Amino acid sequence: MYIEREVTKFIAKHRLLSPQGRYLVALSGGADSVALFRILLRLGLQIEAVHCNFKLRGEESLRDEIFCANLCKEHGVAFHTVHFDTAEYAAFHKLSIEMAARELRYNHFEKLRHDLDMDGICVGHHKDDNVETMLINLLRGTGLNGLTGMMPRNGWVIRPLLQVAHADLQDYLQGMGQTYVTDSTNFTTDYTRNKIRLQLIPLLTEINEASTKNITKTIERLVEAEKVFNPAIETYAKEVTILKDEEPRWRLGIAIDKLMQTPSPQYVLFQLIHKLGFTPAQIEQIAQNDNQQTGKMWHSANHTLVVDRQILLIEQSVTPAELTRTMLLPEVGTYVFSQNVRLRITKCTKTETFRPSKLAHCVHLDASNIVFPLVLRHIKTADRFVPFGMKSSKLVSDFLTDRKRSYFDKQRQLALFDKSGALIWLVGERTDNRFRVNENTNEVLQLECLIS
């Protein structure tokens, strides 16, 4: 059949499936998924089916599940089904029903694929879905990547029908006498995708009957353009990225002067930080922040970007709970302050062979001047100390600025205080001169910060 030949060519062109592979088929019972199921069977591929009952349509949801189970039984295909309380999940995670169902579906698909050791998950997205996806992204605001629609393969998710129209799939099923079920919610305009399918696309077709065909051709051209464009953007991104640490906390640094020398600073920046949750409007503001004022910052849901001298620094945002955490250290011993930070406190007698530590993470102080319990916490605006080697006190924030520490370094800086409230150690930076080991010291307090 024509459809099967087209799908076979598409599979071969994009190397989507292997004759020796084993694949899950997402089977909803609708025309697209049933056509995919029948086509893959006729192509001789090894498949098993997975069906999700989202409990959103009452008896209709149960009808779909029974239909899929019977279809698989008829063709001797293993059938896996799962039930979700989608409304409860959506409410708990503050998602739309549409997004909640998508998240539940793909999370389950991947778990089942892993458990069954399958080679991929085949879904029934077709040419019309691709046009709808492109229009959704266009309406929301997107970059070039969003205008290229869906990819034939995205990780384990495989889309063999992406070059076939929905109407052709319906004709294919009708030609072989294969029934399918229809989701009544497909005809409501409660969801964005349905509005585009039922209202926008018919209007576009009225304006130009070849509109969807032309959009599909445009998507194909953009996909080809992206093959040229992406390597160039990656080159620029590497040139402007000067810092990328993963441990103990992820950090990205972008050189502002190098960024501004690229052909499109805004787009290079978009490619680097859009995936971190920064909006196109924020990215435009950042790229157009001409004076690059140090301390200027922007926030996404989980990340913070700050201008630090001539660098854009991005890190995962710190929660208020992290910044207000305080630990009381009543005696010598080892204390776990956080997942990554431990503090070890020991005492020893000063001998003639004693030499003070020169390591940043390990210091020695005069134990006689320090009164327990000690307190470990993040620094505050008004904190002061007398840096080792100096005679007068200084604001901790000024000291760190002089040391050219970034906003994030300051935000996460720990300090150790004794019972009197005196800052005895700016952890990893400098001890307080008032507690230094001297010729009159008899007992030494060793402080060691262990960061993993």
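Heads up, the Cβ atoms here are built off N, Cα and C, so glycines get one too.
Database features (TrEMBL):
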type	residues	note
BINDING	Ser28, Gly29, Gly30, Ala31, Asp32, Ser33	ATP binding site
DOMAIN	374-447	domain 'Lysidine-tRNA(Ile) synthetase C-terminal'
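Feature annotations (TrEMBL) mapped to structure.
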residue: Ser28; record: ATP binding site; Cβ within 10 Å: 23
residue: Gly29; record: ATP binding site; Cβ within 10 Å: 23
residue: Gly30; record: ATP binding site; Cβ within 10 Å: 19
residue: Ala31; record: ATP binding site; Cβ within 10 Å: 23
residue: Asp32; record: ATP binding site; Cβ within 10 Å: 22
residue: Ser33; record: ATP binding site; Cβ within 10 Å: 25
Please average pLDDT over the domain 'Lysidine-tRNA(Ile) synthetase C-terminal' (374-447) for the predicted structure. 95
Reported in the order helix, strand, coil, what are the DSSP residue counts of the domain 'Lysidine-tRNA(Ile) synthetase C-terminal' (374-447)? 15 helix, 26 strand, 33 coil
In which DSSP state, out of helix, strand and coil, do we find Ala31 (ATP binding site)? helix
Shell list (ATP; ref centroid = CB of Ser28, Gly29, Gly30, Ala31, Asp32, Ser33; cutoff 8 A): Leu27, Val34, Ala35, Gly124, Tyr180, Val181, Asp183
